[in-house]
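Peer 1: Please find one structure pasted underneath; my questions will follow.
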Amino acid sequence: MSTNDCYHCGDDCTATPLFFDEKTFCCNGCKTVYEIFSSNDLSYYYDLQSAAGSTPKAIEGKYDFLDTETIVERLTEFTDNQLQIVNLYIPNIHCSSCIWVLENLNKLNPGVSNSQVDFPKKMLRITYSTEKSSLKAVVLLLAHIGYEPYISLDDYDNKKKTIDRSLLYKLGIAGFAFGNVMFLSFPEYFDLSSNKTNGGDFWLNQYEGLFRWLMFSFSLPVVFYAGKDYFISAYKGLRSKLLNIDVPIALGILVLFVRSTLEIIFDWGPGFFDSLTGLVFFLLLGKFFQQKTYSFLSFERDYKSYFPIAVTKILPNGKEETTQIHTIKKGDRLLLRNEELIPVDGILITGNGKIDYSFVTGESEPVYKNSGDKIFAGGKQLHGAIEMEALKTVSQSYLTQLWSNAVFQEDKTSKFQTITDSIGKRFTIFVLSIAFTATAFWLFHDSSKALNVFTAVLIIACPCAIALASPFTLGNILRIFGRNKFYLKDTQTIEQLAQIDTAIFDKTGTITTAKKSTATYEGLELTEEEESLLKNTLRASNHPLSRSLYDLLSAQNIITLDEFEEHVGKGIIGASNNSKIKVGSASFVGRENQNEIENTAVHISSNAAYKGCFIFKNQYREGVSKLFEAMSQSIQLAILSGDNEGEKKRLEALLPKLTPLYFNQKPENKLQFIKSLQEQGKKVMMVGDGLNDAGALAQSNVGIAISENVTIFSPACDGILDATKFEELYSYILASKKAMKIIKWSFVLSLAYNAVGLYFAITGQLEPVIAAILMPLSSISIVAFTTIATNILGKKLK
Amino acid sequence: MSVIYILLAISILVAIVFFIAFIVSVKSGQYDDSYTPSVRMLFEDELVKKAPKETKESIQLNKSLNN
């Protein structure tokens with residue numbers, strides 16, 4: 001770590017580092033956190049991982065709503081007179097230092113009796129005594145040390161999500177029974193031909209019944225509890241006249257169980273309990289493997305996860321009161337502090353509105369509003385406090401109404417037929433016809449064997465390996481994508497991705513970056529002196545545009561300004577050696593006719609004479625051109641932008657020829673556009689970022705959200721792609737296509753096993769031991785094949 | 001050979017004990033988070049030496065929270 005990096009957060013300490021305790025800090029916030037840690041014996045934090053911290057943000061007044069008892073009650077998991085337990089989502093948790101310091105919270109606040117981190121979920125579970133502390137105190141403490149919890153309306157509305165652990169139970173039961181049944185089958189394996197009539201070991205014959213009935217009792221919970229999902233799914237499929245893959249599986253399990261039970265009742269043989277339990281165990285293992293979830297990401301977000309729980313209401317008598325946002329009525333006066341979200345559509349009353357609508361529109365540049373202007377829900381106030389009057393209630397606001405569209409209520413998954421199900425249909429018909437033909441044949445030749453053959457065919461043809469191929473391949477691909485920062489909701493999304501033939505991109509925030517880092521200068525040339533003054537004036541300003549402009553200008557000698565003023569929301573003034581420079585908005589520098597409203601510009605005037613302006617351009621992500629070039633060969637592309645046509649020429653130059661570009665698209669337009677494409681039979685992928693794309697993302701076959709920071713905001717979607725991996729998008733699509741090929745090859749492989757098994761079955765010589773060998777062998781070789789193949793595929797992804 | 005009854009009974013009993021242990025551990029949430037404990041076990045156990053500092057802590061904390 002270089003000496004110029006902040007000891008706490010690792011950021012570069014720009015111009016003025018702070019020194020404390022022989023360490024450098026980039027800001028007061030970081031220094032304070034260090035002081036808290038070091039004075040409380042928590043400096044081990046920095047030994048675990050250097051520069052692990054993050055800068056705390058200003059939070060003054062933000063958590064006042066936690067004083068309200070009803071809100072606290074809704075948020076806490078458990079409350080009694082002395083004790084409260086709360087689960088908080090902390091997006092900042094990222095390393096082992098975080099775990100350590102958060103689990104040592106009791107050193108910072110003696111009221112905390114226990115705190116436990118769930119790292120994959122980024123959750124912190126805190127137990128504290130209500131006498132010594134309060135939820136507000138705990139949350140403030142966390143915010144002060146740089147671990148601000150994220151509390152949204154979602155936490156308030158959805159109470160108590162129960163964790164579904166039933167698959168683990170089922171897997172445990174099946175595994176337990178499988179092991180024990182295998183073990184109890186050993187006597188039969190070693191003494192295969194023996195039964196009471198033709199000899200064999202005396203003691204085995206003596207206790208054969210005991211072993212068999214024990215196996216039977218072990219198989220009961222496997223069939224009726226662990227395997228019940230297959231019966232339910234098969235029944236549902238049949239009722240809606242669908243032959244899904246669970247039909248032959250359920251049939252196989254049922255026949256295995258019935259035949260084995262009959263065999264031991266009438267003493268025909270030992271039954272197939274080992275194969276039965278093994279089958280269910282392997283199938284559940286596949287399900288478990290497929291169930292990889294990114295628990296720290298949410299793919300189901302709606303506006304509720306963006307909205308705060310409460311805002312400050314100003315009562316007619318001038319008093320402030322914290323109020324739950326569902327209770328906001330038309331005409332209420334609200335106070336919004338710095339960094340707070342506008343909960344409802346309304347009118348700005350007092351204060352300078354500098355509103356960031358990036359959640360809603362994807363546009364990163366804040367909008368300036370004056371008293372009397374209309375402001376919309378979803379925007380975030382960036383500078384100072386404002387007062388507003390509500391015009392609508394929360395549920396009637398423009399943004400929230402988007403969610404009443406039917407798209408958000410539909411379940412996308414039910415409409416899609418997976419590759420396994422489509423194979424399963426043909427497979428079931430095929431197996432049943434073989435079973436009946438073979439039975440018919442044996443009825444004429446040796447009718448005593450007919451039933452035996454019929455059941456044997458159904459047992460051996462049970463598509464265990466086929467059912468495993470897809471979960472293991474796709475589950476593995478899902479993990480590989482996850483490692484490459486492409487997070488998908490479920491394995492089905494990969495199948496959908498492989499079928500994509502049309503891709504629609506949003507512009508702002510999707511193919512452009514949030515940062516504006518290129519600018520061109522238009523106007524009268526600046527003298528050397530002016531340039532030097534400009535650079536030095538910018539140096540003193542913290543506005544994001546000043547910072548990026550500062551970085552763009554060539555280096556100048558540092559001079560001391562005689563005068564410096566910053567006019568919030570307007571611009572800056574700097575003076576030195578009798579010359580004065582004004583930098584800022586057009587009206588601020590004294591330019592009257594504004595015709596370039598389409599662009600973000602910084603205007604400059606020197607000694608009251610207008611000089612010119614720097615126009616900032618959206619910067620396109622690296623590799624956009626290349627990505628589109630590659631994709632256009634097999635996929636139809638289009639751009640749907642909510643922006644105006646200002647960037648049309650640049651886009652046309654950048655993208656492959658004749659790529660359709662659509663501008664001024666409202667969220668509903670985007671949704672309709674996707675819908676009409678789908679009605680033409682296209683499989684559409686939507687790539688977007690903001691809430692304005694939410695409808696289109698939900699409507700599309702695969703909705704992918706591009707995110708600069710995956711743990712923070714992204715609209716409801718099927719997948720989240722880290723912005724740094726944007727140019728790899730096409731290789732992910734190609735990888736999904738290859739994954740489907742791997743699955744098809746595994747089907748071929750498992751059909752080969754089935755053919756061998758069917759030979760034994762049709763000829764009426766299927767011994768339990770053959771089934772017991774074939775079943776796991778085919779399953780394991782399929783798992784091995786898919787794992788190796790997907791890993792080779794994953795190596796190629798970079 | 002009737003000793004087989006005892007042997008089987010013992011072996012199944014042992015298996016069932018482990019099975020119950022598994023169910024109990026799943027139920028108590030041990031498998032919900034399979035990552036954090038692997039990090040937690042590597043921390044030094046230094047919570048032990050906190051006793052003498054009790055008074056100073058709260059003062060320090062209040063000071064830093066107020067600025």
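Note: Cβ is positioned from N, Cα and C throughout, glycine not excepted.
Bear in mind that TrEMBL entries carry predicted annotations, made automatically and left uncurated.
In case it's useful when we look at the structure, here is the feature table from TrEMBL:
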- A:84-150: domain 'HMA' (DOMAIN)
- A:167-190: transmembrane segment (TRANSMEM)
- A:210-227: transmembrane segment (TRANSMEM)
- A:247-266: transmembrane segment (TRANSMEM)
- A:272-289: transmembrane segment (TRANSMEM)
- A:427-444: transmembrane segment (TRANSMEM)
- A:450-478: transmembrane segment (TRANSMEM)
- A:742-762: transmembrane segment (TRANSMEM)
- A:768-793: transmembrane segment (TRANSMEM)
Peer 1: Sort out the residues at least 6 away from either end of the transmembrane segment (A:768-793), same chain, that have Cβ-Cβ distances under 8 Å to it, and list them.
Peer 2: 185, 188-189, 192, 269-272, 274-275, 278-279, 282, 459-460, 462, 464-465, 468-469, 472-473, 476-477, 480, 735, 738-739, 742-743, 745-746, 749-750, 753-754, 756-757, 760
Peer 1: Give me the mean pLDDT over the domain 'HMA' (A:84-150), rounded to a whole number.
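Peer 2: Across the residues of the domain 'HMA' (A:84-150) the model's pLDDT averages 84 on the 0 to 100 scale.
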Peer 1: Are there residues at least six beyond either end of the transmembrane segment (A:742-762) with Cβ under 8 Å to its Cβ atoms? List them, or say none.
Peer 2: 419-420, 423, 434, 438, 453, 456-457, 459-461, 463-466, 469-470, 473-474, 770-771, 774, 777-778, 781-782, 785-786, 789-790, 793
Peer 1: Treating G and I as helix alongside H, and B as strand alongside E, what does DSSP give for the domain 'HMA' (A:84-150) in helix, strand and coil?
Peer 2: 22 helix, 20 strand, 25 coil
